[in-house]
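Here TrEMBL flags 21-107 as domain 'Pyrroline-5-carboxylate reductase catalytic N-terminal'. Here TrEMBL flags 249-394 as domain 'Ferric oxidoreductase'. TrEMBL lists 204-229, 249-272, 293-317, 348-374, 386-402, 414-438 with the feature transmembrane segment.
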Amino acid sequence: MEKTYIDALPLTMNSSEKQETVCIFGTGDFGRSLGLKMLQCGYFVIFGSRNPQMTNLLPNGAEVLSYSEAAKKSDIIIIAIHREHYDFLTELTEVLNGKILVDTSNNLKINQYPESNAEYLAQLVPGAHVVKAFNTISAWALQSGALDASRQVFVCGNDSKAKQTVMDIVRALGLTPLDQGSLMAAKEIEKYPLQLFPMWRFPFYLSAALCIVLFFYCVVRDVIYPYVYEKKDNTFRMAISIPNRIFPITALTLLALVYLPGVIAAIIQLYQGTKYRRFPDWLDHWMLCRKQLGLIALGFAFLHVLYTLVIPIRYYVRWRLGNLTATQAILKKETPFSTSTAWLYDSYVALGILGFFLFVLLGITSLPSVSNAVNWREFRFVQSKLGYLTLILCTAHTLVYGGKKFLNPSNLKWYLPAAYVLGLIIPCIVLVIKFVLIMPCVDNTLTRIRQGWERNSKH
């Protein structure tokens with residue numbers, strides 16, 4: 001790490017050009033990394049430190065001074081220290097008057113203080129122009145380069161000129177500034193680094209709940225029931241067989257839940273006769289989580305494929321096939337070939353392969369690098385038209401899997417149907433309602449509403 005800092009050289013500034021000076025308060029990991037990046041981009045960096053003589057890890061080419069001396073050398077001062085140590089800034093009020101202070105701090109937890117760190121800084125130094133920036137970029141990201149981390153830097157501040165100056169610095173570092181408005185937005189910006197998968201929480205909880213419920217359901221049918229009535233020990237099925245039933249059912253259910261909120265939204269718009277009313281909050285949140293639901297569904301589909309591929313090498317399967325072959329050899333009997341059964345099994349496999357292929361295609365197009373390369377109509381075609389086709393194929397795959405056993409009374413155990421029957425409920429509901437919605441008499445009305453027409457409009 002020390003060698004990286006010592007060998008740092010400006011990358012973009014010619015020696016004949018005048019270097020812009022930037023002051024950084026703080027010589028910790030983030031302050032040093034940001035200073036190194038600025039030196040590489042042609043800035044002259046001055047560090048402000050409480051112990052200027054004891055800083056030996058700073059990048060070569062940077063100058064280190066006391067806080068008051070460093071502040072006099074630049075109009076742009078980046079505060080790379082924690083909020084708890086802001087008190088000394090009150091002693092520099094006159095020196096910092098009229099200067100741009102860039103607050104980069106974060107807290108340990110959300111809503112730790114009543115106001116944001118940037119607003120608190122503005123209260124301590126009322127004569128300075130405080131701008132919030134760089135708090136969503138880590139020291140590691142600055143050292144590794146923008147290609148290995150997010151390029152987005154949220155920026156907010158009350159002074160437009162100060163904010164523009166900071167955004168110019170962000171661009172010079174190869175990052176992408178996003179203007180979030182006034183300093184009031186700083187509180188929300190400071191929450192971003194503390195949020196742990198905010199849009200993934202509901203999909204994770206939902207998928208976990210589905211897996212747990214389906215697991216106990218399958219254990220009751222496939223383990224407890226045979227033990228009670230036949231004294232068979234089928235506990236080994238909990239390793240491969242039961243998970244390989246849970247994963248496809250969860251994948252299909254989550255895929256249907258990706259398209260169910262859109263169907264519900266269409267019904268609400270038809271009922272209200274307008275698109276200018278807000279949807280319920282739960283529906284808004286559900287629609288925002290559709291991408292995450294789809295990706296988790298794709299993950300379960302992958303698990304289903306992997307578990308299916310290991311079926312031939314399972315001991316139980318090899319034992320069963322060996323016994324069947326030996327029994328047929330001893331009895332000199334063979335199972336007659338059934339064309340209808342062959343069609344059923346081949347159709348089941350073919351539908352699964354096609355459905356999984358389109359499932360993967362949906363997952364690929366949801367990646368930012370791919371979705372940014374297509375226009376809105378192309379993205380909507382893939383995610384909507386091909387998405388429903390994927391749902392149809394996967395639902396048909398499950399229906400054909402049931403085959404003649406579907407809803408057969410002899411297949412019930414304690415009046416409980418097979419688990420895949422439960423997995424068909426939500427997909428079939430979604431497809432039936434969607435079929436109704438695309439009928440011309442309904443679709444024409446829905447299209448007019450989405451184009452601005454209102455049923456009870458006076459104009």
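Yeah, the Cβs are placed from backbone N, Cα and C, and that goes for glycine too.
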### Message
Please report, as numbers and ranges, the same-chain residues at least 6 past the borders of the transmembrane segment (414-438) whose CB is under 8 Å from any CB of it.
### Response
214, 217-218, 220-221, 225, 245-246, 248-250, 252-253, 255-257, 259-260, 263, 266-267, 388, 391-392, 394-395, 398-399, 401-402, 405-407, 446
### Query
When the pLDDT values for the domain 'Ferric oxidoreductase' (249-394) are averaged, what is the result?
89
### Summary
For the domain 'Pyrroline-5-carboxylate reductase catalytic N-terminal' (21-107), the DSSP helix/strand/coil residue counts are 34 helix, 21 strand, 32 coil
### Summary
Spatial neighbours of the transmembrane segment (293-317) not adjacent in sequence (6+ beyond its ends, CB under 8 Å) are 203-204, 206-207, 236, 240, 243-244, 247-248, 250-252, 254-255, 257-258, 356, 359-360, 362-363, 366
